[in-house]
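In what follows, a single structure is set out as C-alpha cells and then discussed.
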Amino acid sequence: TGITGLLGSGVYTAAYPLHDVSQICLLYEEWANYSVFYKYQPIGLVRKYFGEKIGLYFAWLGLYTQMLIPASLVGVIVFLYGCATVNDNIPSMEICHPRNNITMCPLCDRVCSYWKLSTACGTARASHLFDNPATVFFSVFMALWAAMFMEHWKRRQMKLCYEWNLTGFEDEEVSDHPRAEYEFRVMQKMEQKSPHKIEKLTCGDRLPAYMTNVVMMLLMIGVTFAIVFGVILYRISTKAALHMSSSQISRNHVQLTVKTTAAIINLVVILILDEVYGAVARWLTVLEVPKTEKSFEERLIFKTFVLKFVNAFTPIIYIAFFRGRLVGRPGRYLYVFESYRMEECTHGGCLMELCIQLSITMLGKQLIQNNLFEIGVPKLKKLIRFIRSKQGAFHGEEKTKKLQRYETDHFLEPFAGLTPEYMEMIIQFGFVTLFVASFPLAPLFALLNNIIEIRLDAKKFVTELRRPVAARAKDIGGVFFFTYISFPKLSHMNLYFIPRMVYQYMYSPDGSLHGFVNHTLSYFNVSHFEHGKETMDPLYLGYSVDVCRYKDYREPPWSSTPYDISKEFWAVLAVRLAFVIVFQNVVMLMNDIVDWLIPDIPKDISQQMHKEKILLVDLFMKEDQRKEDQRLINIRETGDSSGIEAYRRSNNSSSCARVHLSPQKPTAPKQSDVSIKSFHKSISASQNLAGTYLCRSISINCFFFFFVLFLSRTFQQLGEQLA
C-alpha cells in the first residue's frame, strides 16, 4: 500500500526527503565542523532536522562522552601512580636484582632452553603499571561510574522526552505500519492461496528463515572460535620457531614479537569479521521478514550484538580467563594435537599480553574502522554511483547539465539505520567497563575517540548520507538493554594481587613481600622430563641444571607427595573466592543505592508534569460544568418542569463525584506530619531496597561460589588428566 508497496515491488528504486541547503549549512557550521568540538551539540537543531530518533542517539553519545571525562582523569592518575611506584615494587625488584640466580624451566619442548628469571625484569616492571593497589580502587570506581551513567541517561532521556512532547507518545502509534518487504510477501501469499482473503505471515512461513538464522549464527560463532584457536597455534609454533632462530636478536625478543604479532592478527581478523558479521546479521534479519520497522531493528540489534561481541571479546576473554590455566606442569604438560604444548603465562601473569591485546584492538578499531570505514567507504560508494550515472547518460548535454537536488541526493549513501553506530559504542563501552582494571587508559582512549566520533558522525549525516525520514521515539529502545548487559555487576578483576596479599599476611616472616617471588615458584627435577621432551641444549646457561623452577603451588620432588598441589594453592583460591564475592556484593549494593538515590525523572520535570495534570483535570471539570450550565439554560427556555427535576437529581449525583475529582488546593501540613510521612516513606523504601538486595545477593553468591570453585578445580584436574 502506498510508496512502501511500490518500493517493495520494485516500481521505485528509492524514496527519500531532500536535504535543505540552508539548514545543512547551519548544521555543518554549528555541529559537524571539527573546530566546534569543545561546544555542546545543538540537539534541538538535530532533532528538528533529522527527527527525535536520531536526536536521541546524538544526545546519548554526547552524555556518554561527557561522562568519560572523570573516568579518564581517574584512569590517568592510576596509571601515573603505577609509574611513580614501579621502583618501590618489591617483587619486580627481586626479579631484576643482579644476584637473582633462579633457573626457570624451558617454556617449550626441545628447542627452548633453561633461562634466568632476571631476564623477565622488563615484563615484571611493565606489569606493575597495570597491576598495583590503585587498580582495585579503579575497578570499584568504574562500576560506580557505569551505574551513574545509566541513571544520568534515564534522567536526560526523560527531560528530552518532555521538552520534545514525547511523554504521551507510545511506540504502538507507529509500530503497526508494515514494512514494504512484508507487504510484498503478503501480496505474494494472497496471490498463491486466497486472492480475496487478507493474509499474514505465520510462524510456518518463517520457519525456514528461523532455521537458517540458528544455523548461520552458530556457524559464525564457530568461525570466531576457530580463528582464535588458529591464533593460539600460531603463537605456539612461532615461539618455537624463533627459539630455533640463529639470530640472537630474535631469540631475545621472542615474547614481545609473538604477543604483538598475534594481537595485530587478531585485530585484522576482528575488523574483517565485523564487516562480514554486520552484513550477515542484516541478511538474516531480512530473511525473517519482520512486519514493522521496530521489530526489524530489535532483531537486527540482537544478532549484530551477539556476533560482534563474540568477535571482539573472544580473544581477550581467552587471555584473561583461560590462558595459563590448562597448562599442566613440567613432566606432564597438556598438548594440542599431541605436538603443540599449551601456552603458559610468565611470572607476572598474562597481564602484559592482555594490555597489549586491549590497546591494539581498541586503538585499531577506533583509528581504522571509525575513520577509514565510516568516511572512506561512503565517499567511495558516492564516487562509484556518480560515475555510473554519467556513463548511463544518453546525450552529451545530460552529462554537463546542472543536477537537480533530488539527483545530487541520489548519489549519497542511503541511510541504513542507527544500529551500526550504536553497536560501535556498545562494544567500546564493553572495553571501558569489562577490562578497565587491566587497562586503566581505556577511558582516555575512548574519550579522545568519541570527541572525534561525534563530529565524524555529524559530518556523515550532513554531507555523506541521504536525509533519513524523521522518526519519533521516546527512548533508544533495546540499545539501552544491551548496553546494560555489556556492563556486568562484576567486571574482570585483576586478581594477581591476591597471592601477594596471602603471602604478606600468612607466610611472610617479616610481614613484607620480601621472598614472595621464591614463594610462588615450585621445584622440578629435570631428570623427570618425559623422553623426547627435554631441552636439546642443557648447557645453554654455561652450567649443568639439576633442578629448575616453574610458577605454580606444588610440592617439591623430594616430598612424600611430589608435584601434588600444595596447601598454599588452596589458601590463595579461598582468598580469591572470598574477595570476588565481597567485591561483587559491594558493587551490586552501590549500584542499587545509586538507583535508589537518583530518581529516573528530574524533580522539576516531575513537578511540571504534575501541574499539567492538575490543569488538565481542571479544564475537563470546567468544560463539564459549562455543558451542564448550557443544558440548564436550554431546559428553562423550554419550560419543561420534569426536565428541571431530572436535571436536579443528576446534578446532585454529579456534584458528589466532583467533590472527589476536582483538584482541591491542599492546606499546608504541619512540619511534624511532613517529617513523620517522610520518615515512613524512607523506611519503606529502605526496606524494599534491602529485601531486593538480600534476595539477589544470596542467589548470585551461591551460584558464583559453586561456579568458581568448580571452574578452578576443573582447570587443575583437567590439565593433569589430559597431560
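Just so it is clear, glycine is given a Cβ too, placed from its N, Cα and C backbone atoms.
Keep in mind that this is a model prediction, so the values were computed, not measured.
What TrEMBL lists as domain 'Anoctamin dimerisation' is 2-43. Cβ atoms under 8 Å from those of the domain 'Anoctamin dimerisation' (2-43) belong to residues 49, 55, 58-59, 62, 160, 177-184, 187, 405-406, 409-410, 414-415, 451-452, 454-455, 458-459, 461-463, 466-470 of the same chain, restricted to positions at least 6 beyond its ends.
Annotation source TrEMBL lists domain 'Anoctamin transmembrane' at 46-612.
Annotated transmembrane segment per TrEMBL: 57-81 (among others), in sequence order. Proximity of distant same-chain residues to the transmembrane segment (57-81), defined by a Cβ-Cβ separation under 8 Å and at least 6 residues beyond the stretch ends, is recorded for 40-41, 43, 46, 129-130, 132, 134-135, 137-138, 141-142, 145, 148-149, 152-153, 156-157, 160, 418, 421-422, 425, 429, 432, 436, 440-444, 446-447, 450-451, 453-454, 457-458, 476, 479.
Per TrEMBL, transmembrane segment is recorded for 134-150 (among others).
Here TrEMBL flags 214-236 (among others) as transmembrane segment.
Residues 216, 220, 223-224, 227-228, 231, 234-235, 238-239, 242, 250, 304, 307-308, 311-312, 315, 352-353, 356-357, 360-361, 364-365, 368-369, 373, 420, 423 of the same chain lie 6 or more positions beyond the ends of the transmembrane segment (256-280) yet place their CB under 8 Å from a CB of it. Residues or ranges marked as transmembrane segment in TrEMBL: 256-280 (among others).
The transmembrane segment feature in TrEMBL is assigned to 300-321 (among others).
Residues annotated as transmembrane segment in TrEMBL: 425-448 (among others).
As annotated by TrEMBL, transmembrane segment applies to 469-487 (among others).
Look at TrEMBL and you will find 569-590 (among others) tagged as transmembrane segment.
Per TrEMBL, the feature transmembrane segment maps to 693-712 (among others).
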Are there residues at least 6 beyond the ends of the transmembrane segment (300-321) whose Cβ is under 8 Å from a Cβ of it, and what are they?
213, 217, 220-221, 224-225, 228, 231-232, 266, 270, 273-274, 277-278, 280-282, 284-285, 350, 353-354, 357-358, 361, 365, 417, 419-420, 422-423, 426-427, 430-431, 434-435, 438, 477-479, 482, 486, 492
Can you name the far-off residues of the same chain, 6+ from the ends of the transmembrane segment (214-236), with a Cβ under 8 Å from a Cβ of it?
108, 258, 262, 265-266, 269, 273, 277, 280, 284, 303, 306-307, 310-311, 314-315, 318, 336, 340-343
Under DSSP, the domain 'Anoctamin dimerisation' (2-43) has how many residues in helix, strand and coil?
24 helix, 0 strand, 18 coil
